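Feature annotations, reproduced from TrEMBL:
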type	residues	note
BINDING	A:Cys51, A:Cys54, A:Cys57, A:Cys100	[4Fe-4S] cluster 1 binding site
BINDING	A:Cys61, A:Cys90, A:Cys93, A:Cys96	[4Fe-4S] cluster 2 binding site
DOMAIN	A:39-71	domain '4Fe-4S ferredoxin-type'
DOMAIN	A:81-110	domain '4Fe-4S ferredoxin-type'
Amino acid sequence: MISQLRSMWLVFRHLFTPRVTVEYPDEKPYLAPRYRGRIVLTRDPGGEERCVACNLCAVACPPDCISLQKAEDENGRWYPGYFRINFSRCIMCGLCEEACPTYAIQLTPDFEMCEYDRQNMVYEKEDLLINGPGKYHHYSFYHVAGKAVGGKDKGAAENEERPVDIRGLNL
Amino acid sequence: MPTITVDGEDYEVEAGQNLLSICLSRGIDLPYFCWHPAMGSVGACRQCAVIEYEDDEDQQGRLVMSCMTEARDGARYSVDAQTAREFRGGIIENLMINHPHDCPVCEEGGECHLQDMTEMTGHTLRRYRGPKRTHRNQYLGPFINHEMNRCIACYRCTRFYRDYAGGTDLEALGRNNQIYFGRREDGRLLSGFSGNLVEVCPTGVFTDKTFSRHYVRKWDQQMAPSVCEHCGVGCNTAPAARQPGSPGDPWLRRVTNLYKRDINGYFLCDRGRFGYEYANSPARLTQVMERDNIELIGSSSGGGALSHRQIAPADGVEAFARHLEDHGTGKHLLLGVGSPRSSLENNFALRTLTGAEQFYAGVSAVDLQLLQLVNSIQCDERIRSATTPEVEQADAILILGEDIDNTAARIALAVRQAAQNQRRRQAEKLKIPDWQDAALRQLPAAPVPIVFAGCEIPALADCCSDHVIGTPDALVSFGEAVLEAIGASRGGTDQGDTLTDTGDSPLSRDYLQLARDTARALVDAERPLVISGCGAQHPGLLRTAGLIATALAEERDEPVNTYLSCPEVNSLGLLQILSSADQHLERAGSIMADARKRGIPVTLVVLENDLFRRLPQNQAQEILSSADTVIALDHLLNDTTRRAHLVFPTAATPEYQGTVINSSGRAQRHYCVYEGIGFIQESWRWLADAISASNLHSDTADLVRSWQHSDDVSAALAEALPVFAEIRRLMVSLRDNFNVARQSHRASGRTAISAERRVAEEPPPEDTDAPLSFTMEGVHDPAKTTLQAVIRAPGWTSNQSIHKYLQGLNGLRVERGAPTLLQRPQKPVPRWQSVELHACGNATNGSTTSGRLLAVPLHRLLGSGELSSSAEGIASAIEPPFAKLHPTDAAQRGIHHGEQLVLNLGETRRQLHARVDFEISPGVVGLPCGFPELADITVRLPVAVHIKPVTASDHTAGGDEP
């Protein structure tokens with residue numbers, strides 16, 4: 001008897017507590033920058049595509065919903081010829097972002113991706129690529145890695161000596 | 001057998017082996033870089049350090065390099081000891097100091113020995129923060145990409161390239177921390193084995209440039225065991241494929257070596273490694289095509305070429321069936337032309353379709369004769385066909401007329417290893433183990449008697465003890481002199497030196513002496529070897545080689561090892577399918593001409609064969625034009641398919657399952673790696689479809705109709721021809737859903753790769769022929785089955801993990817049974833007379849009479865192969881067509897090096913670059929065999945030709961004939 005009265009009291013009291021839910025979609029909830037939503041491909045501070053088509057995101061992906069093909073420009077820079085994410089399979093786990101060695105693939109606080117047609121959930125590179133660096137503003141993979149690309153010669157990366165002149169004495 | 005203790009475990013080991021190879025073959029993971037199972041130890045990288053204890057009391061022990069330490073009986077070692085682990089960790093940290101942090105953009109990533117070893121050593125955190133040494137890269141040609149920053153200076157590249165493969169243009173330059181592995185200047189790596197650097201280099205310094213154009217990581221590659229289709233050696237390969245995710249990508253991505261002890265071991269030649277691109281060539285046929293009735297304008301028709309339009313495959317098969325029905329009613333003559341570059345199954349299906357009498361080998365009379373000679377020599381019980389390890393162990397070699405560097409390159413690489421055998425013997429005397437590579441190569445030793453006789457100084461010359469350069473006729477004379485000297489030693493007395501010059505010999509005294517020395521070396525050797533082949537297109541040379549080998553066997557009273565090289569992947573197999581010895585193309589031509597005269601319509605079915613590479617242009621054209629209907633099945637658009645009325649696209653070697661016979665008479669299976677695009681399917685399936693669509697009813701037609709699987713055809717073949725009885729052993733039947741996965745366990749992108757077209761995943765294709773799946777489901781462990789071509793092990797992603805699956809160091813692959821050989825009846829070779837030896841297929845003997853030179857074929861690794869010439873990378877490396885002649889011949893005719901000359905052969909006239917060189921014998925002019933522009937001339941070689949410099953009138957008359 002006492003327990004029933006206590007339950008009724010508790011329920012009654014909840015009428016006056018503030019609501020946790022919001023009137024979505026009229027009111028949008030706050031999502032942290034590191035929320036795991038829609039995936040984007042970012043650009044480095046120089047405005048170039050960050051993705052170097054290393055395939056690590058694809059191999060880390062549990063539902064195997066990422067597919068891409070390496071291509072290379074005339075200066076040796078690797079980039080994805082195509083980059084496809086099948087969001088109808090994506091589980092927003094963020095393992096791709098964790099695997100990415102260049103901060104190219106990032107998850108964003110956007111989850112509003114409903115479609116009537118499942119085919120529309122297949123995103124190509126044009127749909128994924130954004131015009132900014134995302135969460136990591138200053139990182140540029142090619143300025144750390146030793147491979148020469150257009151605009152960065154051998155020896156010009158961080159912590160690199162000038163290339164060895166193999167015809168010199170090299171004392 | 002000595003017993004050693006490693007970390008408390010006792011192991012019985014083979015005596016004289018080094019600790020590293022023992023540990024690896026016992027499954028103990030021990031990191032290493034500079035050691036290679038085929039190249040031995042040099043102790044350069046210091047990565048494989050272990051602790052050796054003095055005795056049972058010793059607790060401290062001392063560090064030793066396991067690759068340089070011979071296992072002592074009863075000794076105690078530790079791989080796991082803290083000191084050893086710390087030392088190895090320090091070494092890898094040092095090696096990684098300058099490593100450029102570019103694994104994501106490195107083609108080696110995911111199958112990198114350096115990655116594996118770094119993981120194994122536990123070096124996970126980079127402590128060094130100082131500046132890194134950098135290098136500029138070099139352009140190394142169309143095959144190999146250079147990224148010198150990744151180098152860890154293990155010296156494997158130069159040890160392979162220079163010491164093992166005899167290359168000269170890759171060197172260790174610079175010094176100490178700035179050491180640089182490259183060429184003195186930019187340019188293509190000239191060795192025919194440069195592609196192996198990709199697999200030999202433990203890092204990503206040398207990577208496959210052709211692969212990089214359509215790169216996929218190893219975990220995404222779909223693989224199955226295959227056989228290289230570019231020569232007769234039959235090296236095992238692992239082609240890698242991946243479904244294209246966008247329209248421009250090809251299925252086939254690259255070819256890597258698949259270890260097979262008795263044939264290719266760890267290495268492939270460049271033609272085999274980079275020739276795969278023909279399957280992705282723009283000339284690839286993917287649709288069924290029918291002759292269009294549009295008249296081509298004269299200049300583009302190219303002598304009988306037709307224009308084609310695509311038709312539905314069912315219509316094509318229907319049209320094919322109608323021709324078969326006509327044949328069934330006897331109103332028609334149906335002829336089949338087989339192919340030495342297609343599988344036994346395809347050839348047998350065509351033979352069944354046309355009847356054995358109407359099935360012709362797709363080769364010319366001379367080529368067929370050469371194959372028959374190879375076959376008859378191999379059928380002699382005094383002859384054994386040498387495996388590659390046997391070639392490597394030979395201690396006296398005679399190479400007669402075959403430029404194996406270019407026709408059977410893998411065998412030439414084995415001959416190079418044989419050149420070290422005197423040193424090995426010397427080392428044995430000095431109690432130096434044979435894996436002590438650096439010590440071995442510095443030992444002074446007499447050269448191994450390797451005598452090369454040919455028209456041109458070969459690339460192999462640097463490891464030959466002697467070479468004889470002459471016209472084919474002179475080479476036969478040299479062979480006869482060797483034969484005579486072997487016979488003389490048989491007389492009981494050693495008369496080798498007392499043989500007198502008869503005076504009328506065409507050989508100089510030096511060559512006669514060399515012939516005697518060669519004979520003696522062969523007779524005295526423990527493991528002599530005779531090498532010859534079809535490359536010189538000279539039956540006499542083959543006969544001479546056969547006689548020498550049999551005489552040697554008589555002398556030694558035991559079978560003698562020979563290697564007789566056949567030109568194509570299934571040359572020897574095709575020969576066995578023929579019903580009689582004269583089923584060559586010329587005969588097919590005359591039968592067709594005859595039928596035409598009598599008003600009988602002729603249908604010609606050409607199976608995977610370009611007749612314009614088999615016969616002179618006019619003869620090939622005549623054969624095709626004397627048929628009322630030409631039905632061609634092939635991979636590529638070529639001169640024959642251009643002239644066919646019906647064209648069916650057929651599967652290339654990595655796209656279907658088939659059986660081929662290599663030059664040693666060994667049957668091997670290649671499996672479907674991926675299904676061809678468009679309407680590509682196996683030739684035998686097209687033929688079977690045509691029969692099924694026809695209203696023919698006979699026993700053979702019903703047999704063909706019953707074929708569902710590749711194995712059905714193989715079984716019918718084994719049934720019909722007893723010589724193939726053994727190939728039943730190659731059939732792996734499905735048991736208990738035993739499927740082998742073609743994809744790795746971590747293949748990616750399954751739900752995205754085709755989502756662009758259709759988001760719902762489609763079921764993977766099923767392989768009806770082999771117990772292999774096109775998915776990642778199935779057996780992955782290469783130890784369980786040799787059908788698994790993805791070679792990896794936990795912690796070992798690179799191909800180096802193959803040691804996990806071998807029976808001992810450089811042993812057979814686990815589970816691999818005895819070789820499957822042709823069951824040929826044994827029959828002694830006839831005693832050919834001197835006249836027959838000198839008789840040459842095409843040419844007259846008086847080659848240099850009336851100012852003519854004897855044109856001989858010069859094979860080139862890049863360019864002489866039919867299919868590989870269509871590969872993008874190889875096509876860009878093929879030399880422009882040339883004529884190579886000796887300076888005296890050139891001077892007589894006023895021809896200068898580098899200028900144009902005119903070559904007249906009958907009515908054919910060609911302008912070619914003159915290459916004046918002492919490398920070639922006087923009296924001959926060498927033409928690059930099988931080059932796309934010259935194929936119709938080189939099929940006629942050797943033949944006497946007129947050569948003259950280009951005059952002004954030639955310029956006005958124009959260059960090449962159409």
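Positions of Cβ are set from backbone N, Cα and C atoms, glycine also.
Just so you know, TrEMBL annotations never went through curation; they're auto-generated.
Closest by Cα distance to A:Cys57 ([4Fe-4S] cluster 1 binding site), from the binding-site residues A:Cys90, A:Cys93, A:Cys96, is A:Cys96.
Remark: of the binding-site residues A:Cys57, A:Cys61, A:Cys93, A:Cys96, A:Cys100, the most isolated position is A:Cys93 (fewest other Cβ atoms within 10 Å of its Cβ). Sequence-ordered, the extra residues of this chain that approach the [4Fe-4S] cluster 2 site, with Cβ no more than 8 Å from the Cβ center of A:Cys61, A:Cys90, A:Cys93, A:Cys96, are A:Ile39, A:Cys57, A:Ala60, A:Pro62, A:Pro63, A:Cys65, A:Ile66, A:Ile85, A:Ile91, A:Met92, A:Gly94, A:Leu95. The CA atom of A:Cys54 ([4Fe-4S] cluster 1 binding site) is located 13 Å away from the CA atom of A:Cys61 ([4Fe-4S] cluster 2 binding site). Between the CA atoms of A:Cys93 ([4Fe-4S] cluster 2 binding site) and A:Cys100 ([4Fe-4S] cluster 1 binding site) there is a gap of 13 Å, rounded to the nearest whole number. Comparing C-alpha positions, A:Cys51 ([4Fe-4S] cluster 1 binding site) sits nearest to A:Cys96 among the binding-site residues A:Cys61, A:Cys90, A:Cys96. Around A:Cys90 ([4Fe-4S] cluster 2 binding site), a 10 Å sphere centred on its CB holds 22 further CB atoms from the protein chains shown.
Averaged across the domain '4Fe-4S ferredoxin-type' (A:39-71), the predicted model reaches a pLDDT of 95. The number of other CB atoms found within 10 A of the CB of A:Cys54 ([4Fe-4S] cluster 1 binding site), across every protein chain shown, is 26. In the shown protein chains, 27 other C-beta atoms lie within 10 A of the C-beta of A:Cys51 ([4Fe-4S] cluster 1 binding site). Proximity to chain B, taken as a Cβ less than 8 Å from one of its Cβ atoms, holds for A:Cys61 among the binding-site residues A:Cys61, A:Cys90, A:Cys93, A:Cys100. Between the CA atoms of A:Cys100 ([4Fe-4S] cluster 1 binding site) and A:Cys61 ([4Fe-4S] cluster 2 binding site) there is a gap of 11 Å, rounded to the nearest whole number. When the domain '4Fe-4S ferredoxin-type' (A:39-71) is classified with DSSP, helix, strand and coil residues number 5 helix, 11 strand, 17 coil.
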